Amino acid sequence: MYLKEGCSLLLKVHKPSIPFVLNTTPILNPTRNNEANLNPHLVKECDVLRRLRHESDITLALEYFKSIANSKSFKHTPLTYQVMIEKLGRRAEMDGVQYLLQQMKLDGISCSEDLFISVINSYRQSGAAEQALKTFYRVQDFGCSPTVKIYNHIFDALLNEDRFHMINPIYSNMKKDGLEPNVYTYNILLKALCKNNRVDGAHKLLVEMSNKGCSPDAVSYTTIISCMCNLGKVKEARDITNRFPPIVPVYNALINGVCRESNIEEAFELLNEMMNKGIGPNVITYTTIINALSDAGNIHSSLPILALMFKKGCGPNIHTFTSLIKGFFLKGKSYEALDMWERMMEEGIYPNVVSYNSLIRGLCSVGNVGKAVAVFNQMERSGFSPNVTTYSTLIDGFAKAGNLVGATETWNDMITHGCHPNVVAYTCMVDVLCRNLMFDQAHCLIQNMVMENCPPNTITFNTFVKSLCGSGRVDWAIKLLDLMEENGCLPNIMTYNEILDGLVKENNFTLAFGVVKEIEERGLKLNLVTYNTMIHGFCCAGMLEEALKVVGKMLVGGLKPDAFTFNIIINAYCKNGKVEFAIKLLDAMSAAGWCPDIVSYTSLISGVCEFAGLEEANDYLHRMLKEGIVPNVAIWNVLVRFLFSKVGFSEALIFLDNILDG
């Protein structure tokens, strides 16, 4: 869809399948096929194989394959069939593969184990595991007996598509056939169980392996340890590692597990444990820790790890540098990030699409979209094709910069280059349109998502809802709730919070209470944002008692107020002339461990000046200064306005001089 042309749909082009029938007279290129017609007695298997292997055009290769058979100058052999079948399989021309298998059967040629495995792998690569299974059930029709190796490949094809329920019955058949699983079989089964979060089943399988005399290897243990760490069972995983000699991949899985839990200290303990046991960490070990430190905003602690890598003779890879670059950008240090990029190049490590995307994302995050576009252009000049992530990142960068033209041109460039947008790209473009108040176009784009078989998700709708509510179009936002459900997207608490915020800003508390009721009926938990939105709305409307009731409900629900909650109430008390209550709340806030901030003191001093007097305002001003909070313009404006109106020009200047000197 080109945004400049409205809501037109993407054109979908279906690539026709190539013909594969052998028993028809082909239209041949006489110059390409004269060796079959002019010298039939000279055609040898090695010549046919050479021609098939070197022909890059699949259609011409198949024409030659057919013509050589139809000319009766050569009878195809198991090897020529295998080369042609594998060639078709690589192009996912599975109808042709099936036809040639049938032709082999008619010619009385048995299918070898290697060829049958090649067929299964072709189905796997084309995402057709079920068809691979149907072909597997006919293995004996093609003169081939099922072997452990063939079973392993069919297991792997099913695992690749998460078809766990199909694996166990086939495994049972394998054992009935009298075939003993080997370590590869067990490792595939372990992976299947772990991907299905069946850690208990994986444990039982390890026992079975040992009972069958098939010792688990590094892959076996790494698979189960990785699974346990991914499920947050790091402690149990560490206990299991004590049962076998520790190896680098297992330590890497453990370190990755503790890093996912942001337990960097334990990651360092594991790193030291490795080195104390004489197990050399590899680039994955170091990079995992560097990435965790970078994600935690602790980029400076990751630099000594990089130095340690060099000291140990372990060169960083593209992932190491990408993590460091990301870490610098997270801290807003774009110059250091670009320096690290240059250092990566100096080390002879050249960027890939992922690293380019990371650099573009980082530049966009610090608002340097111009430089991000320059990197995008450099990426294309270097021969890398931008993917949907690249385009989405740029569109998002333009959105945040308020550049509709840049975002639209990037979108259209993406479509022109045949890169189909995913839900992230669509959501970024919806955000751009909403930021420019182009709500009709945003709505049209969401409708196109459905027609393009890329259904919008809750984030897409929340982006639209937030912009509508922020622009006073709460009525439209409420209507979107039905559209969300039609598309299988249930509104979450963020959706309702945006609508609630829009309603309370309009003082439409009747509908706001209805939204709160709907939240509770849906079983969603009201969060701090929900309560603060209601409290703020009531306070702005001068309904302090209602606001305090919401605070009470929040406390009963087990949620503690935050600084924002306290500041809303303090400001409301002061505006209503109840300064003594505001002071008590400030003191209670301090006693509970909440530190009053500049917002708290601004409201309080404003209220004290209005309803108490200069002396009390002076006390709180000094208290604020003692706590290291520097007065802002709002506080000085309050004081100056009060002093000039109450004590006169000269006395006001003297008072301000004393404060500044003190």
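A Cβ is built for glycine as well, from the same backbone N, Cα and C atoms used for every other residue.
In TrEMBL, annotation is done automatically, which means it is predicted and not curated.
For 112-146 (among others), the entry in TrEMBL reads repeat 'PPR'. Through the fold, the repeat 'PPR' (112-146) approaches residues 78, 81-82, 85-86, 88-90, 92, 94, 97-98, 101, 104-105, 153-154, 156-158, 160-161, 163, 166, 170, 174, 177, 179 of its own chain, all at least 6 residues removed from its boundaries and within a Cβ separation under 8 Å.
Taken together, the residues in the repeat 'PPR' (182-216) have a mean pLDDT of 86 on the 0 to 100 scale. Annotation comment: TrEMBL describes 182-216 (among others) as repeat 'PPR'.
Each residue of the repeat 'PPR' (282-316) gets a DSSP state, and the totals for helix, strand and coil are 26 helix, 0 strand, 9 coil. Per TrEMBL, the feature repeat 'PPR' maps to 282-316 (among others).
Feature annotation from TrEMBL assigns repeat 'PPR' to 317-351 (among others). Secondary structure counts, DSSP: the repeat 'PPR' (317-351) has 26 helix, 0 strand, 9 coil.
Taken from TrEMBL, the feature repeat 'PPR' covers 352-386 (among others).
Sequence annotations record features per position, and here TrEMBL assigns repeat 'PPR' to 387-421 (among others). The DSSP breakdown of the repeat 'PPR' (387-421), given as helix, strand and coil counts, is 26 helix, 0 strand, 9 coil.
Within its own chain, the repeat 'PPR' (422-456) is flanked in space by residues 1, 3, 6-7, 9-10, 388-389, 391-392, 395-396, 398-399, 402, 404, 407-408, 411, 414, 463-464, 466-468, 471, 473, 476, 483, 487-489, which lie at least six positions past its ends and keep a Cβ under 8 Å from the stretch. Annotation comment: TrEMBL describes 422-456 (among others) as repeat 'PPR'.
Marked as repeat 'PPR' by TrEMBL: 457-491 (among others). Break the repeat 'PPR' (457-491) down by DSSP state and the numbers are 26 helix, 0 strand, 9 coil.
The DSSP breakdown of the repeat 'PPR' (492-526) into helical (H, G, I), extended (E, B) and coil residues amounts to 26 helix, 0 strand, 9 coil. The feature repeat 'PPR' is assigned by TrEMBL to 492-526 (among others).
The feature repeat 'PPR' is assigned by TrEMBL to 527-561 (among others). Tertiary proximity for the repeat 'PPR' (527-561) is limited to same-chain residues at least six positions away from its ends with a CB under 8 Å from its CB atoms, namely 493, 496-497, 500-501, 503-505, 507, 509, 512, 516, 519, 568-569, 571-573, 576.
Summarising the annotation, TrEMBL assigns repeat 'PPR' to 562-596 (among others). For the repeat 'PPR' (562-596), the list of distant contacts is 528, 531-532, 535-536, 539, 542, 544, 547-548, 551, 554, 603-604, 606-608, 610-612, 624, 627, 629: same-chain residues at least six beyond its ends, Cβ to Cβ under 8 Å.
Annotation source TrEMBL lists repeat 'PPR' at 597-631 (among others).
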Helix, strand and coil counts within the repeat 'PPR' (597-631) (DSSP): 27 helix, 0 strand, 8 coil
For the repeat 'PPR' (492-526), sequence-distant contacts whose Cβ falls under 8 Å of one of its Cβ atoms, 6 or more beyond its ends: 458, 461-462, 465-466, 468-470, 472, 474, 477-478, 481, 484, 533-534, 536-538, 540-541, 543, 554, 557, 559
Long-range Cβ neighbours of the repeat 'PPR' (457-491) (under 8 Å; 6 or more residues past either end): 423, 426-427, 430-431, 434-435, 437, 439, 442-443, 446, 449-450, 498-499, 501-503, 505-506, 508, 511, 522
